[in-house]
Amino acid sequence: MVGMRGAYGGSGGGGGYSNGTESQSPAAPVMTTSSSEIAAMAVHKVAPPPPRSTASKMKARVKETFFPDDPFRGFKGQPLGTQWLMAVKYLFPILDWVPGYSLSLFKSDLISGLTIASLAIPQGISYAKLASLPPIIGLYSSFVPPMVYAVLGSSRDLAVGPVSIASLVMGSMLREAVSPSAEPLLFLQLAFTSTLFAGLVQASLGILRLGFIIDFLSKATLVGFMAGAAIIVSLQQLKALLGITHFTTDMGLVPVMASVFHHTNEWSWQTILMGVCFLVLLLLARHVSIKWPKLFWVSACAPLASVIISTLLVFLLKAQNHGISIIGQLKCGLNRPSWDKLIFDSTYLGLTMKTGLITGILSLTEGIAVGRTFASLKDYQVDGNKEMMAIGLMNVVGSCTSCYVTTGAFSRSAVNHNAGCKTAMSNVVMALTVMVTLLFLMPLFVYTPNVVLGAIIIAAVIGLIDFPAVYQIWKMDKMDFLVCVCAFAGVIFISVQEGLAIAVGLSVFRVLMQITRPKMAIQGKIMGTDIYRDLYQYKEAQRIPGILILAIEAPINFANSNYLNERIKRWIEEESLAHNKKTELHFVILDLSAVPAIDTSGIAFLVDIKKAIEKRGLELVLVNPTGEVMEKIQRANEAQNYFRSDCLYLTTGEAVTSLSALAKMTKP
């Protein structure tokens, strides 16, 4: 069958059946075919892409990789002055909305800002304690960063401040090297330095347009990680809820529970009673707001109300003398400069860089996900790379003003959205409210019980356990579910960092498996149509006698070319045995429609498989090679004519029609 095209020629219609010189040879026997066969054999030509220089290809590839959103498309055709103004607005989004700001917008933002401030103040204090930092640092981090974000951020709904997961991770990683109780100043210095590195990582990802890196944290990874972290955070609050003085610094489930039951003699019934009562109150408020969204303010105000009520109870009942632990004295005043506290000693440099990298990626992922979620609800765009720069610069500034890592928190942003915020001015209102608190109201928190702060944290993080999402992942993709479970189990039983690393490793491994073991399918014809589809997926599809049709559904490269070679050869062997019982196998068609790219190893694979097929007396035909693939095939043909024009077809239907007619012509 290999030489049948040269012997019998063909119509030569776009794809043709010969290389040109053979069809004109006088020695070639002339055969008579019907007009219908000639019409059937006329096919469309596979067109190569327009020629482009290497420089233009590289430019297009770089643009598509780093600037897929083409952020500067609006600059084209504009005067130089306008371009400068647009550039300034691009860097400082506040200039976009401030000129048109009105009193009605301010009224909405004022209400939203005051509402989220009522949530941010108790959460700031609580999350700082979660990170093993002084409570005042949590309030500092709810003052400066929101002001910076209001200038640089592009989201209207994002409410900025400390978050539970980043606080947990930072605290647990730094405690491995330094004790916050034995060396509080050094611990604080490491926290500020880690925040600086987190901000530099975040800003660098935005400036260098490398935001796609955070996509390695898949939804399944994040769902499992967040659920595990929420449970670990909640278990850590058992120290406050039970009134235990000596508590483990480990984050795993087993050591935490062991510590709880090894110190039953330290349990305080007064603390437990107060903690349970306020936890029930907070969870009830959360339930009310979920069931009746218009009552969102109930859950938003519940934490601050709990702090006020519990503080009054402790003060009036002198509960601090009966086993109730309190925050203690907090100094009034605004953020103090902390650039002199940044520490770059080689002893701790690796630790702070690692902590900054992990907390930076985690907080960045959460902030961008939250921003995009609420932007989609209001039908406006959030520029991911601008958000990375805004959050990064916000943390760089924060590290120099006594703040630790911050981002857009889902709980505060949800309250901000539901309260009717219109612009980032709500962050400014929140920050000013926190400023007033820092200046004048700090003495009021002296008697605030730690147990209520623990209850606030539990009520906040419990929403991170997304059971519907877990069930949906289970129904959709069992491999994703495995990644989710591994992330969850790793966080619960090993540590937060290792759990995240395991989940990311599994996700990357799955991507590598999809690259190295690409999907292939045997196709058949859906009768009554000219459509060819997977035989396994479409039961009505039927095989074509004498022709094996294979579809490759992935790029062909060095990572998968050997697998494809072996898999196709095995299929040919199986099909040859199957066809011997019915009809002889003559042709192998490779449908390349779903192959977007190919490298030199991929071209070598096509050449090798062609030679192997021809040794069996069969013929290889390629269908619809895409632009890049066709271009590489042409270059391979320049060295040696591996793939003649009569081996290339635009559609599977045209290839089957022509090859079937040719097979009939060659029958004795």
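From the backbone N, Cα and C atoms, a Cβ is placed for every residue, glycine too.
Residues annotated as compositional bias 'Gly residues' in TrEMBL: 1-18.
The compositional bias 'Polar residues' annotation in TrEMBL covers 21-30.
Secondary structure of the domain 'STAS' (537-659) per DSSP, as helix, strand and coil residue counts: 60 helix, 23 strand, 40 coil. Look at TrEMBL and you will find 537-659 tagged as domain 'STAS'.
Under the heading region 'Disordered', TrEMBL lists 1-30.
Same-chain residues lying 6 or more positions outside the transmembrane segment (186-205) and placing a CB less than 8 Å from one of its CB atoms are 131-134, 137, 170, 173-175, 177-180, 211, 213-214, 338, 341-344, 348, 351-353, 355-357, 359-361, 363-364, 385, 388-389, 391-400, 402-405. The transmembrane segment annotation in TrEMBL covers 186-205 (among others).
Residues 130, 164-165, 168-169, 205, 251-253, 256, 361, 364-365, 368-369, 384-385, 388, 457-458, 461-462, 464-466, 469-470, 473, 477, 480-481, 483-492, 496, 499-500, 503-504, 506-508 of the same chain lie 6+ residues outside the transmembrane segment (211-233) yet bring a C-beta within less than 8 angstroms of a C-beta in it. Taken from TrEMBL, the feature transmembrane segment covers 211-233 (among others).
Outside the transmembrane segment (267-284), and at least 6 residues removed from its termini, the chain residues within Cβ reach (under 8 Å) are 240-244, 299, 302-303, 306, 309-310, 313, 319, 322-325, 449, 451-452, 454-456, 458-459, 462. According to TrEMBL, the transmembrane segment annotation covers 267-284 (among others).
Residues or ranges marked as transmembrane segment in TrEMBL: 296-317 (among others). Residues 115-116, 118-119, 121-123, 274, 278, 281-282, 285-286, 288-290, 324, 326, 414-415, 418-419, 444-445, 447-449, 451-453, 455-456, 459-460 of the same chain lie 6 or more positions beyond the ends of the transmembrane segment (296-317) yet place their CB under 8 Å from a CB of it.
For 388-407 (among others), the entry in TrEMBL reads transmembrane segment.
What TrEMBL lists as transmembrane segment is 428-446 (among others).
According to TrEMBL, the feature transmembrane segment maps to 452-474 (among others).
Residues annotated as transmembrane segment in TrEMBL: 481-509 (among others). Proximity of distant same-chain residues to the transmembrane segment (481-509), defined by a Cβ-Cβ separation under 8 Å and at least 6 residues beyond the stretch ends, is recorded for 168-169, 172-173, 216-218, 220-225, 227-229, 231-232, 251-254, 358, 362, 470, 473-474.
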Remote residues contacting the transmembrane segment (388-407) - C-beta distance under 8 A, at least 6 residues beyond either end: 128, 131, 133, 137, 140-145, 148-149, 152-154, 160-163, 166-167, 170, 191-196, 198-207, 211, 335-339, 342, 356, 359-360, 363-364, 366-368
Contact set, same chain, for the transmembrane segment (428-446): CB under 8 Å, 6 or more residues outside the stretch: 109-110, 112-114, 116-117, 120-121, 124-125, 135-136, 139-140, 142-144, 146-147, 150, 159, 307, 311, 326-335
